[in-house]
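J.: I am attaching a structure below and will ask some questions about it afterwards.
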Amino acid sequence: MTQTHAPVLTQDGRPLKASLARALRRDKLRAFLLIAPLLAFVLLTFAAPIADMLFRSVENGIVADTLPRTVAALEGWEPATGELPDEPVYAALVEDLKEAVAAKTHTRLGTRLNYELSGMSSLFRKAGRSVQKIEGDDVKAQMIAEDAGWGDIQVWSTVKRLSPRYTPSYFLAAVDAKQTEAGVAFLPERERIYLMLFGRTLSMSIVITLACLVLGYPVAFLLAHLPLRTSNLLMILVLLPFWTSLLVRTSAWKVLLQQQGVINDILVWIGLIGDNARLVMMNNQTGTIIAMTHILLPFMILPLYSVMKTISPSYVRAAKSLGANDWTAFWRVYFPQSVPGIGAGAVLVFILAIGYYITPELVGGTSGIFISNRIAFHISSSLNWGLAAALGTLLLLAVMILFVVYDKIVGIDNVKLG
Amino acid sequence: MKIVKTLLASAAMAATATSAFAVDLTIVSWGGAYSASQNNAYHKPFMEMRKDVTIINDESSNEAVAKLRAMSEAGNITWDIVDVEGPDSQRLCDEGLAMEIDFDEWLAPAPDGSPATKDFGDSLINACFIPQIVFSTTFGYRTDVAAWNGATPTSLCDIFDLEKFPGKRSLEKRPKKNVEWALLCDGVTKDELYDVLSTPAGVERALAKLDTIKKDVIWWSAGAETPQRLADGEAVIGSTYNGRLFSVIVEQKQPVAMLWDWQVFDFDGWIIPAGVSEDKLPLIKEYIRFATDTQRLADQAKFISYGPARASSQPLVGQHAELGIDMAPHMPTNPANQTNYLVNNIEWWADHQDDVEATFQAWLAR
């Protein structure tokens, strides 16, 4: 008997396989159209601005756009020779500056270059006022006569170094380094700050995560095992602060922790400490850790609770009936089943902590602030958006690397929110 | 296509139609007692006069430069008038983000007829800035500290005297002003100040002086923190803006007093963002002319202890609007408070802020 593999046909005579694929495709398209508005919204208002902000960390069109002729003229000049650029370069600079002054872009360029070499800002601002006077031949001598800065080889090498449209200089600054004539070098010790802040942000976030775990685990355990009526009441006690404004909770901690605050007053009143030996619990790392642990605690308790709720009590009963004592039953049987909740809670708390800003700003003093406080400073006060973007990119990378490491060690499928 | 055109046309009509009846004027300022004083002295009387105008208060002046830059990059200016400090106005003017003003055309002359440029005098620090007030950053201290044995600080350098005046200090978490004060108390004269600071050793010297009190300093980043700490007893001496201290001392009657020695002066005033719409300009001009005339500037001083920027307003400074006390002794411009004073060198800070800031922050973290 021979058998042919005739394709199975649907009623309208099409091959079943094709028909099925078509139906699936239509389903997928419909599903996609349903989420399309959300996707467009997220891309437009979330992904695109972030991408744009991250792009600023390497973008450096300002020199080439403001001084196009000078950049071209500087091409043949090498700072290593130790000679100042020739007359044509100065002539090109004067022409560029005249245009820049009309468009008022010269001060912005000065600000940008000032990040690399202090004094550039006022050099460009003064040049903006004096450049109209420069005419005729021997522009070089006239420029140097107006401001000796133009006779400084460092000024020119800075301009040349920053001529390319893309620059690593913000990233170097974000790790306390700087480009010099001799290559990349670390800043002098007294100016290094960012690596230390990254380290502090990571280590304090770990401490806060651990503190949340230690405090949150018993609470979640209790919530999951009490009768529903009691546990609901307790749950409200967890959720109520969670619904209160972050700012209010942080300010409350200020009232509690300060040296003339409630806790110190009570300690003095019961005679545990002297009035002149009040504890310093705020404006330092202690304050940040206490307040942030309190604020992030619900993010640990809730995933833990929802995982513990699903652990069947019969396993622990079975372990006990087989002769395990309470501790063994908990540690060998119950605890491993709650690990997905620990994973979820720890990842959630850690990632939230690493980007925290308001609480460290209010109770952190100087030793308890995070890298995000510096990012905010550069966004809204110093206006060095490039550096802020570079710091933000590094922070994002750090989170991603930690996430991958976590996935390798614990496994991301072990994370469960319920 | 036709539908789009119709829609656009009707939208445009709607826009012009509303502007004929009611106009919004968005004014950006600092919030708190300061905005309240502007509201009482300028906004309310102006809206009384022009019933069709609604003034919208925006309290984002502390981020004004960043936001104006962002707005200009996005090509969408949503602010009409912005209140900024002198150094910020310089920056905005240099970058072309603030409009250049023809002062004598825009501003009302003094009552005696002398032109505005003469009346405002030195307070016109650049071509874009319409000054309102002179304020200062200075020190307040608690008057009931038992450990001081009845002594009170009389000079700036008492800040650095932990033996005579023990207790926590509240200082700004920025190098500006702090390094100047430190050097002044380390024996540098006012004239040499910025020459000394220009050398790296000068900054180190200032930080070394600050090191002597570092363990007793709580650092602030918002002007309201020092008054709150003084009121709580959390700090015994602290720097902040004089108007904030005035409200703690006079309005809230806390046991706090002022130390005017080496107060640092600054101006505060209006700028008009460059690129503001042509239609709004006449209204903006009208508001500015009204709000900066001699009487109005003197009126603001009834609500807050900041000195008016016009010479002709100063004799009109009278009593506090609610408390009825004489305001003149509380003004930073009062001759009795002006024996020692400083004006920040804006130029120097524009060049060195990044470097000094990095050094200062690293020093703080050590």
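Easy rule for this one: first residue shown is 1, then count along the chain.
Cβ coordinates come from backbone N, Cα and C, glycine included.
So TrEMBL lists the following for this protein:
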TRANSMEM  A:31-51  transmembrane segment
DOMAIN    A:198-406  domain 'ABC transmembrane type-1'
TRANSMEM  A:202-226  transmembrane segment
TRANSMEM  A:232-250  transmembrane segment
TRANSMEM  A:287-307  transmembrane segment
TRANSMEM  A:339-358  transmembrane segment
TRANSMEM  A:385-406  transmembrane segment
J.: Of the listed stretches A:31-51, A:232-250, A:287-307, A:339-358, A:385-406, which one has the most C-beta pairs under 8 A with the transmembrane segment (A:202-226)?
T.: A:287-307
J.: Out of A:232-250, A:287-307, A:385-406, which stretch has the largest tally of CB pairs under 8 angstroms to the transmembrane segment (A:339-358)?
T.: A:287-307
J.: Other than its close neighbours in sequence, what residues sit by the transmembrane segment (A:385-406), given a CB gap under 8 Å and a spacing of at least six beyond its ends?
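T.: 53-57, 59-60, 115, 170-171, 173-175, 194, 198, 201-202, 343, 347, 350-351, 354-355, 371-372, 374-375, 378-379, 412.
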